[in-house]
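Inspection log for the structure reproduced underneath, given as structure tokens.
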Amino acid sequence: MAKAGDKSSSSGKKSLKRKAAAEELQEAAGAGDVATESGVQPPKAAAFPPGFSISEIKNKERRHLMFTRWKQQQRKEKLAAKKKLKKEREALGDKAPPKPVPKTIDNQRVYDETTVDPNDEEVAYDEATDEFASYFNKQTSPKILITTSDRPHGRTVRLCEQLSTVIPNSHVYYRRGLALKKIIPQCIARDFTDLIVINEDRKTPNGLILSHLPNGPTAHFKMSSVRLRKEIKRRGKDPTEHIPEIILNNFTTRLGHSIGRMFASLFPHNPQFIGRQVATFHNQRDYIFFRFHRYIFRSEKKVGIQELGPRFTLKLRSLQKGTFDSKYGEYEWVHKPREMDTSRRKFHL
């Protein structure tokens, strides 16, 4: 009986302590409300003295309340500083200092010696004599063959079919066990200008080989983040047969310039702007994001975009001279992670 009485008395003391803590919290909250309503803010030193640490408060409810107040005070100070800075900039007008640029990995990129200068004579000579010169001189028109690895599954097949609706004058062919070395001569004999091979692993597309015909080069990409049309939310209607516009972003080095020209050679020269379709290859930190959109003109001044799909991400693994040759091919560039990925601010495209 004595033990039961001790337990009841201890539980009664705990309940009294909880009530006292709750009353203290209510009084503190009421005092804060009165202070804010009267327009007089409590001094910061009284609320948060020097060396004050919220983590030292043992009462959980009290600690949570003080942390909430501290966050509110931080937001108010930040907003007040932003308003003050805005007023100062408006008062200075044109004499206001430029806005500070936030530091990002992109604008802190390590300078690459192979960065392309459009006015460089050497670059102009290379463009006039490389494998894509006949396309850019409008001597040839693109004709693309899209194929897969052996025994493709449904997801890879649907990706090929949807790519054929994005790239004009492209044809889907199922290999049926035929080796790539035998496919390439047949493509050249039938005047195909490019060959696209989509590889898969565990029923998921994971690689893309792009070979420019008849003389190369051949690029091998890792493919990830594949989304088919049905998997894209708020997508538009299926694309039309109009020739899309092509946008290439941030291909700045000599290697990136070659990859950009390779993508450009997949599409015909004169886009049909009436179709309002655009294919984008956006390079960011050596990842190439592919998107296919349609322009939506809401008014004379406002325009939006509507994604049509598919979408995927590419990362260059190697660039090989000539057509596909896995044994004796000469490689211009190969990605070596241990040697090349030594800095997060160094990019190759």
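Just so it is clear, glycine is given a Cβ too, placed from its N, Cα and C backbone atoms.
Summarising the annotation, Swiss-Prot assigns region 'Disordered' to 1-105.
Among the features that Swiss-Prot reports, compositional bias 'Basic and acidic residues' is placed at 87-97.
Marked as domain 'Brix' by Swiss-Prot: 142-325.
Same-chain residues lying 6+ beyond the ends of the region 'RNA-binding' (303-320) with a Cβ under 8 Å from its Cβ atoms: 159, 162-163, 166, 205, 208, 216-229, 231-232, 234-239, 255, 258-259, 277-278, 286-297, 329-335, 348-349. Swiss-Prot lists 303-320 with the feature region 'RNA-binding'.
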Per-region confidence, the region 'RNA-binding' (303-320) (mean pLDDT, whole number): 94
